[in-house]
Structure formats: structure tokens, C-alpha cells
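Below: one structure, written as C-alpha cells.
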Amino acid sequence: MNIPRNELLALGAGLAGAAVLAFLPLVTEGFWLSLSVNIMLYAAICTAWALFSGPTYLVSLASAAFFGVGTYSVAIFIDVLPFPALILIAVVAGALLATLVGLATLRLSGVYFVIFTLGLAELLGQIVTWVQTNFGGTIGLYVFTDFTETHLYWMLLALTVVVFVTGWLINRSRLGLALRIIGNDEAVARHVGVDTARTRVILFAVSGAFIAVAGAIMAPRYGYITPDAAFNPMTSFLVVIMALLGGTRRLWGPLVGVVPFTVVMDFISGHFPNQTAVIMGLAFLAIVYVLPDGVTGQLETLFRRRRSIDKSLPATTAEEGR
């Protein structure tokens, strides 16, 4: 794999930035540390979401389902297995669920895929509620660990780095090329021999596994896991809004939307809790209509226009000189 030098430098700069961020819990605490955990959580989930939805242009609303599966992977086995083993269980559970959903829906058109993924979290939440009510006697499971906000921050930061590096490698592999061809024209992809269904399922499984790990890491923070909290559909909508705000043309695009939107969301949920859903809906509509390519996409478009104008100026000047 021949990687340009500037891309290696960009990757190195990103990893260096992550190393600097690792020291953040040492200089902050309380509210700001809690906010940093939320930012890192959505950074990991949005980047994982963009691994699949970015190149394929398929909007997945299954993030809440994968997140909930990861959370319950910890809640169910926390008393019998060490936490690293629970992370592995979350990986397998998230990938397996994504594979099953992908095999059932990724052959369908985009609208049907969105509808199915939207209902998936609610379906799983109802199943878990029924099982716990009839066989457990209570709705919810306790999760007791010694993890602090600092530990959660570091784990989420590590997860974000792993997700980003994985996406960086995929984008430069044959799988990434196949995904870009599928996103541009699925008929052409089939014509050149790309197995579109298999390619989508593989990356959907990778994305689902990472989101499930994020849910597993966050389980100790909740303490008491309920289906409503684990499979909250708002998680899916927030991920989509943040990713679209930042832009999905680039792997790092969603990160641009995560930081400001998480800060705004924290303010809104604290001061206008009853209007949060309405405000989120309005924000989604505004982003789709005003910034359809996200902030990074808009900046790239403006940069290309500026560069084309700069290139045309010497030619125009030369013509006038004649």
C-alpha cells in the first residue's frame, strides 16, 4: 500500500493530538470532565457511524441498538467476567447484530433500510423489557465498577483512535475503494464485479462492533441499566445530526460537528429539557437544508472554487496582455 507522505504526516499529527488529549483529565474535573467524556463518546460513535454511512450514503439509525447491545453485554456479565472480556463480548454482539440486520436489509432501497434501523432499537428494548419483567422480576440491571470519569475518558479516547485508524486503513484498501464505487453508482459497482451486499455487510458489522464497544464502556457510568436508557432512540438521531453537521466526505468530518453540538446539547438539555426533541428536529432540518455536505464539505467546496479562480487569473491576465 503506497501511502503519500502528506497523509502519513496528517495521521501522525492526529495521533499526536490524541496523545495531548490524554492529559486533559489531569487538568480538569467535575462538569468539564463530564462534558469531555460526552464529547469523546460521540466522537467515537459518530466516526464509527461514518465508516459505513459516509461512503455508502445510507443513513443508519441503528446506533442506539448497537449501543444498547454493548451496554447490556456489560450489565449481564459484569459479575462473572473481567471488563476486558466484556469488551470482547460487546464486539461480537455488535458485529453479529449488524451482520444479521445487514443481511436482511442492505439489499433493500435506502428508505426501507432507514425505517428498519429506526425501529430496531425500539424492538430490542421491548424484547429486553419483556424478558426482564417475566424472568428477572425487575426492569434493569446494576453495574458496579471502580471506574471513574477519568477512566471512561481514556477508554473512549483509545476507542476513538482505534476507530479512526481503522477507517483510515479501510479507506486505503480495496474494501474502501469498493465502498466508494458503490456510493457513487451501485450499478457500476456490480458491473465491475463488486459484491455490493457483502461489502456493505462487512463494513456495517465493523461499524456496529465499534458502537457496541462505546456502549460497553459507558455502562459503568449509568450504574443502573434499563432498556429505555440503553436503547434510547435519541442516541441514533444525535449521531446522525452531529455527523451530518461536521460532514461525512472525510473521516475526520464528524469530529467537527461533535464538539460544538455536544456543548449546545448539554446546555439545551439542562435548560430546556421538555423541548429537547423539538430543537433536535429543527436542528436536523436546518443542517440538511443549509449545510447538506456539512461544515467540512462546505469548506472544501469554497476552497476548490477559490483555487479555480486563482488558477484562472494568470490565464486571463495573459490574454489581456496580448
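The chain as shown is numbered from 1 upward.
Glycine is no exception: its Cβ is also placed from the backbone N, Cα and C atoms.
According to TrEMBL, the transmembrane segment annotation covers 32-52 (among others).
Long-range neighbours of the transmembrane segment (57-78) within the same chain, counting only residues 6 or more positions beyond its ends whose Cβ lies under 8 Å from a Cβ of the stretch, are 45, 49, 85-86, 89-90, 93-94, 97-98, 101, 106, 110, 113-114, 117-118, 120-121, 124-125, 128, 141-145, 183, 200, 204, 207-209, 211-220, 222, 225, 227, 229-237, 239-240. TrEMBL lists 57-78 (among others) with the feature transmembrane segment.
Among the features that TrEMBL reports, transmembrane segment is placed at 84-104 (among others).
Outside the transmembrane segment (111-131), and at least 6 residues removed from its termini, the chain residues within Cβ reach (under 8 Å) are 58-62, 64-65, 68-69, 72, 101, 104-105, 139, 227-228, 230-233, 235-236. TrEMBL lists 111-131 (among others) with the feature transmembrane segment.
Taken from TrEMBL, the feature transmembrane segment covers 151-170 (among others). With a threshold of 8 Å between CB atoms, the same-chain residues lying at least 6 positions outside the transmembrane segment (151-170) that come near it are 11, 14-15, 18, 21-22, 24-25, 33, 36-37, 40-41, 43-44, 47-48, 50-51, 176, 179, 203, 206, 210, 213-214, 217-218, 220-221, 251-252.
Here TrEMBL flags 201-223 (among others) as transmembrane segment.
As annotated by TrEMBL, transmembrane segment applies to 229-245 (among others). Outside the transmembrane segment (229-245) by six or more residues, the chain places 42, 45-46, 49-50, 53-54, 59-65, 67-68, 71-72, 75, 117-118, 121-122, 124-125, 128, 215, 222, 253-254, 256-258, 260-262, 265, 276-277, 280, 283-284, 287-288, 291, 294-295 with a CB less than 8 A from a CB of the stretch.
The transmembrane segment feature in TrEMBL is assigned to 252-272 (among others).
Summarising the annotation, TrEMBL assigns transmembrane segment to 278-299 (among others).
Using the rule of three or more Cβ pairs under 8 Å, pairs at least 6 apart in sequence, the transmembrane segment (252-272) is in contact with the transmembrane segment (32-52).
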